[in-house]
Amino acid sequence: MSRRVVRQSKFRHVFGQAAKADQAYEDIRVSKVTWDSSFCAVNPKFLAIIVEAGGGGAFMVLPLAKTGRVDKNYPLVTGHTAPVLDIDWCPHNDNVIASASDDTTIMVWQIPDYTPVRNITEPIITLEGHSKRVGILSWHPTARNVLLSAGGDNVIIIWNVGTGEVLLSLDDIHPDVIHSVCWNSNGSLLATTCKDKTLRIIDPRKGQVVAERARPHEGARPLRAVFTTDGKLLSTGFSRMSERQLALWDPNNFEEPVALQEMDTSNGVLLPFYDPDSSIVYLCGKGDSSIRYFEITEEPPFVHYLNTFSSKEPQRGMGFMPKRGLDVSKCEIARFYKLHERKCEPIIMTVPRKSDLFQDDLYPDTPGPEPALEADEWLSGQDAEPVLISLRDGYVPPKHRELRVTKRNILDVRPPPGPRRSQSASDAPLSQHTLETLLEEIKALREQVQAQERRITALENMLCELVDDTD
């Protein structure tokens, strides 16, 4: 008799668990727009969700700690004149988020650490360059203020958000609608999938297709693709019989997949979320009620099924927390924010361990919030790997970083070169927009204080009347 050898892996027993009911975010009217984006973006400070809004597009931004029922009048981020289709947090500033809309524009917003008293309506900058809806956004992983957008005009534009200028425009590569775009780990290459059923690897600075594979999956439904740490590609798609598939590709040999996993028959597009630190890919289908996850290794069969997290409710969208936002003391290796019709529910993936000590093998150094390059350096041809941080003592998000408004780079949050000096009258004045915003906030807070004072006076009068009656 041959003994079955069990594969050794520290992630074999990863299990998913929904957070307790009081840790969910209730009473949120999640957007009903038919678009295959995740509708949710999360970072160590905030949770952002695209919501239903009359007369335009809006999304909601909640501090992570603000769990429970959300007030129906909670301020939204409104500014688009048509539905918002995608949102993405800046990896280098936890208070900056970009939104893309059916109105053909991209807006970049500064989110304050305090809860605003009214809707945020003024973006830092509006980027206009697409002729049709903009459905995909992705910040560059290592260069400051570099943002990619892809639109229904089949064009990819790479922007310098700090100056509002177009760095690169890739307008003759895709003959049809772009379904997904993904940067590799250092932002030197892009992987795109398109309605023409072709998976492409693009060098954006040269404007060239480096490698491509026609029909990586035979089915007619949309494809998705993400880079792995070692430069391979993971794609999700459908077979000719509408079975959902996960394939691993080596771009140096696009003829045959390195590995191919067939799953189930369903029409929901699988959104892949890849964790480079553990080399686990999580597959979340819109309309599914489960999350499947696989470990990618360097030995055959290369793609190993780990487990499936199942629940009763189907998911409308999904947010994926960056590694620096996880609780390392509980051996948490991934956290999702699952959108229901009227709520958002955290789902926590954990490796069971008995020890309370920091688990070095689960938490290698991970990309931190500091960029490795400036936009101009990247554009000139430089590449740099992400600046890594240790999670040994847990990650504490930096305090609110206000944008320095300069003509050169409005998102530059670094101090100017030379010795530091205190703010003086000779320093550059605040912009008119910032002054107006501050004055509005002060006025609104004064009105709140006056209302509270009137309420206190009324309560004191009632108390006096009660005391008089008892006497």
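A Cβ is built for glycine as well, from the same backbone N, Cα and C atoms used for every other residue.
Segment annotation: TrEMBL labels region 'Disordered' over residues 410-430 (candidates 305-325, 410-430). When TrEMBL is compared with the stretches 15-42, 155-182, 267-294, 435-462, the one noted as coiled coil is 435-462. Assigned with DSSP, the residues of the repeat 'WD' (77-119) fall into helix, strand and coil as follows: 0 helix, 22 strand, 21 coil.
Along the repeat 'WD' (127-169), the predicted structure has mean pLDDT 96.
In the repeat 'WD' (127-169), helix, strand and coil residues by DSSP number 0 helix, 25 strand, 18 coil.
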